[in-house]
C-alpha cells in the first residue's frame, strides 16, 4: 500500500514538473512581454532575407552586448519590414543595467545609439529613396573600377562593419576593385584583434586594412588610403554610412565621360538616436564667410531639364565626407593639403580647387548614401588645437585672394595666427593655372553676398515656404492605467521647462488634453512638447518648445501600454502610485502597472 502511494506521489511530481516546464516554455517563447522585442532583428552575418508575413525572429539578448557573437553564425534573419524599411522604434528599449551601460557608453564614445547599432547587426535593408526615374536609367557596361577608401578612428565596431557590408552587398563585383580601411591609430580594443579576426574569417580579400602608426587625422588618413589604392576611381566614404541601391554606377558614369568631374551622392539621413534611415531633400553645397559648409536649395535652372530631379547638377562645394574622383586626377590636382590637421575646412579647399583649376563638381541624385548625422564630434585633435581655424587660414591664404578679408572681418583674432608653410600649395595653384576666387564667385556661386562699403544688397534667391505641420493622429487625456490619473502640467502648460505630474482627471479642463502626431510628439494643450534630456536620463520629463527633430521628443506607445521614449530607451513610470504628488520619471522598461499608459479619446 505504501509502495503504491509512493509511486502515485512520484508520478504526480513528474506530471507537475512536465506541466510547469511546458507552461514556462510557452510563456518565454510566445508571450509579448517576455520577448520584449517582437520586431528586433537578430544579429548575424547573412544578408537581409525577409521573413514570411507576421513571423518575426525572437530577440537574442546576446546581441545587447558590444558584439559578443559576431562570428558564431547567428542565422542573420531580419525583421519583416514595411515598404519604407523603417525600424521598430522599440529597438532601443532598455531592459537591464547592461543595456543602459551600452547605450550610455555609446553616446559618450560615438555620439549615437550604440545599443541599437549592435542589435541591428551588420546587414539590413534600407528604403530606396531615389527619384522614380533613377530606376529606369541604364549605364555603360565598361564603367571604371572603384577603390572605396574608408578612414576611421575609434569607430563603433558594428557601424564600421555595417558600412563595409553595405558596400559589399549593394555594389556590383565587376565595379568594386577594393575596399581600403584606414585605421587612424584607434585606441578601442575591438578595432584591433577583433577586427583582424573578423576580416580574416568573414570578408572578401578585396577588403584591405591599413593601420597608421600615429594619429594622422581624416585628411592625411585619406591620403594614406589613396596612396594604397589601385582602382581607376577613388570613392571616399565615412565610417558610419550605408550605401543605397545602385549607388555606384551613377557616380562612375560622369567620371567615365569626363575624368575631371568630381561627383557626390545625395547624403540621406540616418538618425543618431534611432538609426532609422530617411530620405534627404535634394540640395547643393554652399558656404558662409566664416568658412563653414552649409546646404542651399538648388536653383530651378539646374533642374529644368527633361530628367528633372534625377539629373546631376552643379554644386559650389561638397560636404566632404562622401565623394568620388578619378584617381589620376586626384593626384594631379594635389590630393589634399597635407599641412591641414585632423578635420575641418578640407572640403571647401578641395571644392574651390576643383572649380578654379578646370574641373567640375556635381551632385548626383540617383546615387544615395545614408550617413549617421551626429550632434557632436566624439573626438578632438590630439593636442586640443583648433584645427578648423588652422585649416581655414591655410585655405583663405592660398585660394581666396582679396576675399580672405571677408573671413577676417568675422574672425579678426586669427589675422596674425600662424598657419604653417603654404609655399607648396601656392606653387600648385600656379602650376595648375587656376582662376581667381572672383571668377569662382561670379561664375559658380553668384548667390554669395559680399559685405563691405561697395557691396550691393541682393534680394533673396530662394523662398522659404515653411515647414508643413505634422498630422495629428489622436487627441485625448494621457491616463496612467494603475491609478486612472491624468498626466498634466505641474504648473501652467505654457511654462517651458515645467514638470509633468499625474493628477485627478478633469474632463472639463482642456489643458489636460494631449495631441499625438505622426512625428511621435506628445503636445500638451497645443503648446509644448513632452521632452527628455538625451544626456541625463535620470532627469524627469519636461515640457519644452517643439523642435521637430525627433529624438528627445519622440514617444512611442507600445503594445503592452508602455510609453517608450526613443532617445533614452526607457519607459515613462509613475514613481509612487500611492503618493498624491504624482511624480513621474523614466525607468528601465519592465511592463509593470506603473508603466502602463493610455491616450484616451
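For all residues, glycine too, the Cβ spot is worked out from N, Cα and C.
Annotated topological domain 'Cytoplasmic' per Swiss-Prot: 1-7, in sequence order, evidence recorded as sequence analysis. Swiss-Prot lists 8-28 with the feature transmembrane segment. The N-linked glycosylation site feature in Swiss-Prot is assigned to 29, 202, 508; the stated evidence is sequence analysis. Annotation comment: Swiss-Prot describes 29-601 as topological domain 'Lumenal'. Annotated region 'Catalytic subdomain A' per Swiss-Prot: 143-254, in sequence order, evidence recorded as similarity to another entry. Here Swiss-Prot flags 312-374 as region 'Catalytic subdomain B'. Residues annotated as domain 'Ricin B-type lectin' in Swiss-Prot: 469-600. Feature annotation from Swiss-Prot assigns disulfide bond to 486-505, 529-546, 571-589.
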## Note on the structure
Confidence over the region 'Catalytic subdomain B' (312-374), expressed as mean pLDDT on the 0 to 100 scale, is 95
### Task
On the DSSP side of things, how many residues of the region 'Catalytic subdomain B' (312-374) fall into helix, strand and coil, could you say?
17 helix, 22 strand, 24 coil
### Message
Would you identify which of the glycosylation sites 202, 508 has the most other C-beta atoms lying within 10 angstroms of its C-beta?
### Response
202
### Message
Between residue 505 (disulfide bond) and residue 529 (disulfide bond), how many Å separate their Cα atoms?
### Response
20
### Collapsed DSSP category at residue 546 (disulfide bond)
coil
### Task
Sort residue 202 (N-linked glycosylation site) into helix, strand or coil using the DSSP assignment.
helix
### Task
Out of 508, 529, 546, 571, 589, point to the one nearest residue 202 (N-linked glycosylation site) in space (Cα versus Cα); all of them are recorded positions in the record.
589
### Query
If you count other Cβ atoms within 10 Å of each one's Cβ, which of the disulfide-bonded residues 486, 529, 589 has the most?
589
### Task
On the DSSP side of things, how many residues of the domain 'Ricin B-type lectin' (469-600) fall into helix, strand and coil, could you say?
9 helix, 56 strand, 67 coil
### Task
Only counting partners 6 or more residues apart, tell me which same-chain residues put their Cβ under 8 Å from the Cβ of residue 546 (disulfide bond).
521, 523, 528, 529, 553
